[in-house]
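A quick write-up on the structure given underneath.
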Amino acid sequence: MNEISIIILAAGNGTRMKSNKSKVLHTLCGEPMISHILKKSYEISNDVRIVLSYQFEEVKNSVLSEFKDVKIYKQDTINRPGTAGAAEAALENLNSKKTLVICGDMPLVEVNELKSLCDNTADISLSAFRAKNPFGYGRVVLNQQNVIKIVEQKDANDDEKKIDLCNAGAYCFDTNLLKNIIPLIKNENASREFYLTDAIELALKQGFMVKSVLVDETNFMGINDKFALSIAEEIMQNRIKENLMKNGVIMSLPDTIFIDSRAEFEGECKLEPNVVILGNSFIKNSHIKSGSVIEFSEVCDSDIGPMAHLRPNSKIYKTHIGNFVELKNASLNEVKAGHLSYLGDCEINSGTNIGCGTITCNYDGKKKHKTIIGKNVFIGSDTQLVAPVNVADDTLIAAGSTVTKDTNKGDLVITRGKQINKAGYFYKFFGKNDEK
């Protein structure tokens, strides 16, 4: 038997997001909102269940692509609308001692606060916070510090609307109690929905113990629209960057830097202003200069930028990447590429110098092709390498060349028209200066 099971409620339409995409698939620091919740859930339990409805297949496929073991259920929103109906959908074969019920739109929640809900002897523990502006939240009604009920904003009377103790939306139930009490919940309210919060009052009437656990309002912030999404992302960004800086990463003007929640750093790293790190990028002992973007790539013992762009699947080791250089699916090891180049679908080996304006022409209109450049190659400025092509070790390519054939070790490659100087032709074409 699992000590704790977790049910994540993610069946809502999320109409205030004004999007055809499910609310829980909107990204926060690079990952879908629901992924943040699932990762934290798996730190607590290996029995994690999620209840869906709106955009069911889309959300299901997204979740299962990353979390293979999660159990997915569909809510009957016609006959059993509301949070109690959602939780009810996930009760099948639930046999843990306790069940933690949380919302899928709370990506900032911390694991320690979820654990604190379950670490007591109450039959039901509910999360609550003191709000400066409680409008819109369910109110936690107390009598001599004991929880009596939770009342939703639209169902609250004038006195209840003055209460500042608000429901944070996470609950830990004794599992047997949860299974027995959900069928008793009625939909006698303004929305005609089955509220999970009504389980509190029903449990109290049966003599069960209910406790509220104070939590941080920010951590339990619900994302209901895109403005709230932007606020939550800023909070999460600050957490990510604070943690990285405390672990040795140097950031200049960190408010201008964006770091994906999946990115990893190791060793001595420095990020200058306006740097963007996306996906599961890995940065080790490297200096990322202003305005550079790194996507799903690996950078070790290198300096990048300013204004460089590493697109997905680039692997950079002991390399200098200068300004306005773009890489895509490129592997560079001990290479210098200082200026204004595109290096895509390529492998470049140690000691090679890439001249300004070098391009790997990797796409023929139908397929992508690979360029392989050996060791100690010198590529002059404004060179085009038409893939598929292999440049052997110790090759010298003259500036302005278009390389379409493989080279041999030690070759000089030059492909350009012969230069002709015609004496006096300027004056013939434009006339002499005194005639202008």
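Even glycines carry a Cβ here, placed using N, Cα and C.
Listed in Swiss-Prot for this protein:
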- 1-226: region 'Pyrophosphorylase' (REGION)
- 9-12, Lys23, Gln75, 82-83, Gly138, Glu152, Asn167, Asn224, Arg311, Lys328, Tyr342, Asn353: UDP-N-acetyl-alpha-D-glucosamine binding site (BINDING)
- Asp105, Asn224: Mg(2+) binding site (BINDING)
- 227-247: region 'Linker' (REGION)
- 248-436: region 'N-acetyltransferase' (REGION)
- His339: active site, proton acceptor (ACT_SITE)
- Asn362, Tyr363, Ser381, Ala399, Arg416: acetyl-CoA binding site (BINDING)
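Shown on the structure are the features that Swiss-Prot records.
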| residue | record | contacts (Cβ under 8 Å, 6+ apart) |
| --- | --- | --- |
| Ala11 | UDP-N-acetyl-alpha-D-glucosamine binding site | Val51, Leu52, Ser53, Tyr54, Lys74, Gln75, Thr77, Ala86, Ala89 |
| Lys23 | UDP-N-acetyl-alpha-D-glucosamine binding site | Gly12, Asn13, Gly14, Met17, Met33, Gly104, Asp105, Ile223, Asn224 |
| Asn167 | UDP-N-acetyl-alpha-D-glucosamine binding site | Leu126, Ser127, Ala128, Tyr137, Gly138, Arg139, Val140, Ile150, Thr197 |
| Arg311 | UDP-N-acetyl-alpha-D-glucosamine binding site | Glu295, Ser297, Glu326, Leu327, Lys328, Asn329, Gly344 |
| His339 | active site, proton acceptor | Gly322, Asn323, Phe324, Val325, Cys356, Gly357 |
| Tyr342 | UDP-N-acetyl-alpha-D-glucosamine binding site | Val325, Glu326, Thr358, Ile359, Thr360 |
| Ala399 | acetyl-CoA binding site | Gly355, Gly380, Ser381, Asp382, Thr383 |
| Arg416 | acetyl-CoA binding site | Ala398, Gly400, Ser401, Thr402 |
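Farthest C-alpha pair in the acetyl-CoA-binding residues Asn362, Tyr363, Ser381, Ala399, Arg416: 22 Å apart. For the region 'Linker' (227-247), the number of residues in each DSSP class (helix H, G, I; strand E, B; coil) is 20 helix, 0 strand, 1 coil.
Highest local Cβ density among the binding-site residues Asn224, Asn362, Ser381 belongs to Asn362, counted as other Cβ atoms within 10 Å over all protein chains shown. A straight line from the CA of Leu9 (UDP-N-acetyl-alpha-D-glucosamine binding site) to the CA of Tyr363 (acetyl-CoA binding site) spans 46 Å. With a 10 A radius on its CB, Asp105 (Mg(2+) binding site) counts 25 other CB atoms from all the protein chains. The two recorded residues, Tyr363 (acetyl-CoA binding site) and Gly82 (UDP-N-acetyl-alpha-D-glucosamine binding site), show a Cα separation of 52 Å. Gly82 (UDP-N-acetyl-alpha-D-glucosamine binding site) sits 54 Å from Asn362 (acetyl-CoA binding site), taking the Cα positions as reference. According to its DSSP assignment, Tyr342 (UDP-N-acetyl-alpha-D-glucosamine binding site) is in a strand.
Taking every protein chain shown into account, Leu9, Tyr363 are the binding-site residues, and of these the Cβ with the most other Cβ atoms within 10 Å belongs to Leu9.
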